[in-house]
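Colleague: Straight from TrEMBL, here's the annotation block:
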TRANSMEM  B:12-30  transmembrane segment
TRANSMEM  B:50-69  transmembrane segment
TRANSMEM  B:76-104  transmembrane segment
TRANSMEM  B:171-192  transmembrane segment
TRANSMEM  B:212-231  transmembrane segment
TRANSMEM  B:243-263  transmembrane segment
TRANSMEM  B:270-291  transmembrane segment
TRANSMEM  B:297-321  transmembrane segment
């Protein structure tokens with residue numbers, strides 16, 4: 001085994017002088033402010049291990065200066081590529097120029113920067129509008145021609161996921177006049193506010209009898225709302241359809257118990273597509289597109305939610 | 001009895017006016033139905049949803065009465081919630097979870113009390129330390145994720161009901177009544193007020209001011225623990241990032257709407273919990289009225305400003321002065337004519 005690896009490495013070294021040995025990639029993560037980010041870190045490490053990439057990990061604790069210092073460090077060490085989840089959008093020009101000078105490709109994960117796009121190799125991320133659209137389309141397909149009064153739990157007012165996921169959903173249901181958003185309020189992306197706001201929706205809509213579906217901008221709010229629906233004596237998933245976005249373990253648990261209907265996954269596996277793009281680039285200099293959109297997969301009750309829960313619960317969400 | 005009713009009259013009147021205002025936007029606001037053996041209706045929701053802030057306000061009233069302030073209560077909610085949830089997840093059972101959570105709250109209060117009373121650090125700074133650091137402690141306990149448990153017995157504290165009334169509502173009423181009785185049926189309330197008015201003088205008069213201040217912060221920690229337990233029971237999980245976030249400010253606001261002076265001295269627990277209900281009525285009313293969410297905070301701020309302006313003693317005397325001046329000027333003009 002070792003011999004084989006050794007042989008292969010030797011062959012590779014002889015064959016492709018520049019891009020040869022086990023690749024070293026530096027990864028500057030924002031921090032661990034949410035469960036999703038923790039899962040992203042876990043998955044990035046897993047993906048690197050699977051591909052035999054030596055990953056150097058640096059946690060910036062929400063500070064841009066830490067990320068810049070980490071990148072400078074990576075450049076000094078002469079890594080083969082840098083992955084970065086930038087904490088803010090501005091102020092990256094000079095460090096990206098340093099990386100470019102050292103001919104180290106930089107891949108942005110999940111967030112974008114304001115610098116011109118020839119400063120980095122590519123950006124991997126999710127399209128928030130598309131996520132909302134997938135959720136909207138699911139509802140359109142599910143209710144068919146029946147009239148459906150939808151209540152919406154928005155994310156934090158003014159945040160870009162809240163704005164984009166709202167726009168996307170409206171796009172998804174556009175042209176279907178039988179579906180109408182009757183109430184829309186912010187649930188602040190949290191479980192407790194989601195529950196509180198859902199309670200008021202239920203009160204305002206005749207104890208919930210006038211509500212056909214709930215659309216929540218994230219799963220946590222949906223989990224809170226599901227409890228509110230249960231406490232009002234209704235069956236979530238049947239009396240009121242529940243669709244949300246993110247794909248955290250707890251929503252899969254709710255789905256396996258028949259209390260949620262669908263979720264659109266915001267995959268924490270941003271590193272997989274990034275490593276794929278890098279592999280192609282290292283191999284023959286293929287330039288990837290400037291934005292690689294991750295898959296916004298739809299999961300419903302038919303997609304083995306119990307199994308999905310088991311697969312996700314240890315990722316650090 | 002009549003005297004204490006007169007003390008809370010402004011708060012009661014504010015509640016009535018608010019109820020009328022919300023009813024205007026949402027006609028069935030005061031309607032209460034019975035369903036599945038439990039009362040349902042917006043008013044019941046307010047009684048239930050207002051529980052954490054009302055309980056925090058009880059502890060905060062005592063702290064404020066000594067001339068202090070406790071900024072850490074929201075964070076202590078997160079810590080105690082995390083402690084309770086991790087105990088449940090580890091399978092230690094409800095009693096142990098409750099004891100650990102309450103213990104954690106009282107330790108937090110002891111820490112605050114010692115910083116204030118023993119080291120003499122200003123209360124706003126002393127409690128700021130735990131307010132900032134505490135959320136980190138809570139995150140360490142939950143490992144940064146939302147700890148979800150499946151114990152229905154514990155969930156009862158957040159979403160169960162006894163005789164149709166939600167348990168959280170019963171808990172805050174009980175806490176308020178017990179603490180008020182303890183303060184008013186013994187000399188304790190008077191001593192707390194004495195310390196708040198003049199700590200040095202009360203110490204010279206033989207009051208154990210230092211001990212009393214520590215106890216008051218521990219009471220606030222205990223209240224925060226109760227609020228944290230309710231919040232955790234409500235969502236069947238401990239959310240270290242968001243549990244009790246900014247609730248310390250709502251609790252202080254409740255105390256202020258209750259007409260208690262932040263400088264310390266005389267206090268009324270009944271008025272503070274009514275203040276908490278006023279805040280919750282505003283919150284729920286905004287949700288029921290169905291305005292776009294961008295307006296939530298502005299509407300809340302305007303209503304709170306209006307309430308505080310009406311209550312302001314300064315403004316009342318100013319009004320009297322202006323009216324007097326107008327009358328005098330008119331009288332002078334009439335004389336000239």
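Keep in mind that glycine also has a Cβ here, set from the backbone N, Cα and C atoms.
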Colleague: Give the one range among B:50-69, B:76-104, B:171-192, B:270-291, B:297-321 whose Cβ atoms make the most pairs under 8 Å with those of the transmembrane segment (B:212-231).
Modeller: B:50-69
Colleague: Near the transmembrane segment (B:270-291), which same-chain residues lie under 8 Å Cβ to Cβ, leaving out any that are not at least 6 residues past its ends?
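Modeller: Same-chain residues near the transmembrane segment (B:270-291) but 6 or more away: 4, 7-8, 11-12, 14-15, 18-19, 21-22, 25-26, 29, 42, 45-47, 49-50, 53-54, 56-58, 60-61, 172, 176, 180, 250-251, 253-260, 299-300, 303-304, 307.
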Colleague: Checking distant contacts: for the transmembrane segment (B:76-104), what same-chain residues at least six beyond its ends satisfy Cβ-Cβ under 8 A?
Modeller: 52, 56, 130, 134-135, 137-139, 141-142, 147-149, 151, 153-154, 221-222, 224-229, 231-232, 237-240, 243-245, 247
